[in-house]
């Protein structure tokens with residue numbers, strides 16, 4: 001069994017938390033002063049761990065093992081949401097650092113190569129998954145020229161300001177990087193509900209984000225009888241009920257759908273809404289199920305428009321994100337390490353949230369490991385994970401990393 | 001039969017339309033320059049008709065017949081909504097003016113007294129029904145001190161600016177004012193749908209305006225399974241469905257209810273709403289039915305809170321408005337004039353909208369007559385009524401006025 005140092009792990013996580021600390025939470029938006037301070041500290045800690053560390057031309061911190069490959073790349077992100085928690089992203093990066101140190105300190109594993117990354121802007125302050133997208137070779141030049149954060153600052157100007165504009169961009173080296181591992185907090189309540197300590201991720205779910213607009217007739221709410229109304233809001237409510245029924249028939253226990261926003265126009269007591277918009281998101285680990293849900297929605301829209309006095313149309317939504325399957329062999333190594341260190345305390349599960357792993361998995365075999373989120377909460381100041389779970393997760397990840405690296409060399 | 005002059009009636013309506021004309025609509029908010037110009041013109045036209053005209057201390061234009069009472073008071077309002085139509089309110093005021101002239105021009109009726117009013121601020125730019133409330137003796141001093149329009153101007157300052165602050169306020173004289181008549185456009189589509197030209201109003205409906213708040217748990221829309229969600233938005237949608245069912249069982253063809261506004265918090269694709277608000281209004285001519293609907297709603301809330309994972313609470317709403325019945329004898333005079341001038345073309349109906357008549361009816365017997373609104377539209381630039389209906393409505397109102405006044409003197 002590979003040993004990690006729990007105190008060193010926890011202390012590094014707590015030190016990272018201090019950059020941008022706000023109450024129990026963290027405000028560390030990409031390329032902000034707090035974020036850049038954290039990145040410089042992280043590069044320093046990587047160097048102290050024997051890695052060759054740098055901050056690249058988009059802001060990704062990359063610590064390269066001085067050992068020859070094949071290498072396992074371990075990463076996540078240290079930027080946060082506008083009101084973020086201390087572990088989201090940070091956990092996986094510090095796990096990578098600790099695993100690199102643990103491998104180097106053990107005679108049997110010190111020849112193995114772990115590279116560690118903190119990808120820039122996973123949270124999309126400027127452009128989501130910027131670091132991992134740049135790493136796998138997607139062009140980010142358009143984003144650098146035109147993406148702005150909510151203060152209106154251009155990404156290119158922020159990189160200039162951070163002194164990174166001229167720095168080289170780190171790129172995937174397929175001759176070296178043979179696997180990617182992203183440890184992360186679960187961000188949901190499933191492990192806690194099931195009394196488990198470790199999740200081995202099977203798939204990162206696919207996402208559809210759609211806007212529906214209902215168009216009826218705006219009217220006086222006192223003088224327009226119910227029988228002749230064309231109430232766009234009432235139509236929206238009726239549509240959601242039918243949609244819930246249709247989706248329920250297609251769903252399994254992990255399928256989720258959310259109406260996150262409803263707007264009625266003009267939005268007053270005394271006016272029958274003439275127009276009504278809703279934002280709909282649905283997620284599932286199965287590409288086929290997502291397509292079935294899309295088809296069911298299209299059929300509902302057709303039927304609605306054929307039968308009802310209010311029409312419904314789909315507006316432009318976000319581009320679809322397809323589900324991404326985690327590599328089976330890597331999952332097996334995680335499962336075997338979990339079985340050894342936490343027998344009966346782990347389970348396989350999909351990731352309902354998005355991660356850099358879904359970008360990288362298209363180019364390199366990838367896997368993810370989850371630790372429980374207390375109360376299922378993340379993206380919130382109260383986000384937390386029990387210290388025992390933080391330590392156990394790192395032990396499982398470290399031992400899986402050793403097994404993965406040994407297997408690569410066979 | 002008392003004769004009116006259709007051209008004079010229509011020309012005065014068109015002249016009044018020119019104050020604040022905006023495209024086919026009118027923007028003539030209470031005490032605005034356009035509104036004050038219109039009021040001065042109206043007072044002048046009243047004087048020319050032989051009435052003793054003045055603009056009172058809150059802005060109401062009052063034309064008093066020089067004949068002794070008993071008098072019939074005919075009125076409505078010449079202020080408009082922010083994007084108003086040309087007939088809403090204006091029609092009834094110019095009907096009053098034309099009826100006063102028609103009575104004075106006929107030997108048999110020239111001894112009868114019709115007073116004419118254009119009540120200030122029916123539409124509530126500062127404080128709804130200000131003129132009629134002041135007229136019946138309600139205190140409006142608090143409103144004068146504190147009510148502001150949407151530009152932030154204090155009512156008291158607007159009155160000062162208009163040169164009215166020191167003017168006397170006209171008051172109901174119960175020894176003189178024995179009846180009130182308010183002719184108005186229907187503002188709905190019932191007369192048009194039924195192919196009728198005249199509506200005799202039975203009741204002005206009562207109104208309830210309530211806000212409901214659903215409280216669940218905000219969560220990540222990707223990582224929170226449907227089974228453990230406490231989705232405030234989904235709960236709101238389910239509640240509305242139950243409410244529609246309960247209200248449908250209590251309703252008659254004239255009962256209306258409207259969810260005019262829905263807000264989900266925080267209102268984004270990726271977050272399960274933790275809180276959801278809705279604005280609910282319902283109207284009915286029957287006080288008992290309104291109370292039954294309130295009771296049904298209270299029962300739904302109780303059941304919901306007992307069964308569901310999301311709680312619902314009623315927030316502060318608007319004070320209830322009870323239905324106001326129009327005087328039976330005055331209705332009979334309107335019906336008899338309609339029968340004579342438009343046999344088979346009229347019907348009795350409730351008013352789904354609010355009117356100054358509901359304020360005055362608590363103090364003096366009151367009645368209302370409706371003419372059709374094209375397409376049922378009002379409070380909109382395209383609001384209109386066929387000229388033939390405008391003329392017919394005035395003829396019916398004039399002959400009913402003569403009958404009412406003759407009956408008063410018996």
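The backbone N, Cα and C atoms fix where each Cβ goes, glycine too.
Just so you know, TrEMBL annotations are computer predictions that nobody has curated.
Annotated Zn(2+) 1 binding in TrEMBL involves A:77, A:184 plus, out of the candidates A:68, A:88, A:173, the residue A:88. Binding of Zn(2+) 2 is annotated in TrEMBL for A:88, A:123; the matching candidate from A:363, A:379 at the same site is A:379. When the C-beta distance to chain B is held to under 8 angstroms, none of the binding-site residues A:77, A:88, A:123 remains. Listed in sequence order, A:81, A:83, A:84, A:85, A:88, A:187 are the same-chain residues six or more apart from residue A:379 (Zn(2+) 2 binding site) with CB atoms under 8 A from its CB. Counting in whole angstrom, residue A:184 (Zn(2+) 1 binding site) lies 14 from residue A:123 (Zn(2+) 2 binding site) by their C-alpha atoms. Highlighted in sequence order, A:80, A:81, A:84, A:85, A:89, A:122, A:378 have their Cβ within 8 Å of the centre of the Cβ atoms of A:88, A:123, A:379, the residues recorded for Zn(2+) 2, and are not part of that set. In this structure, the C-alpha atom of residue A:123 (Zn(2+) 2 binding site) lies 9 angstrom from that of residue A:77 (Zn(2+) 1 binding site). According to DSSP, residue A:379 (Zn(2+) 2 binding site) is assigned to coil rather than to any helix or strand.
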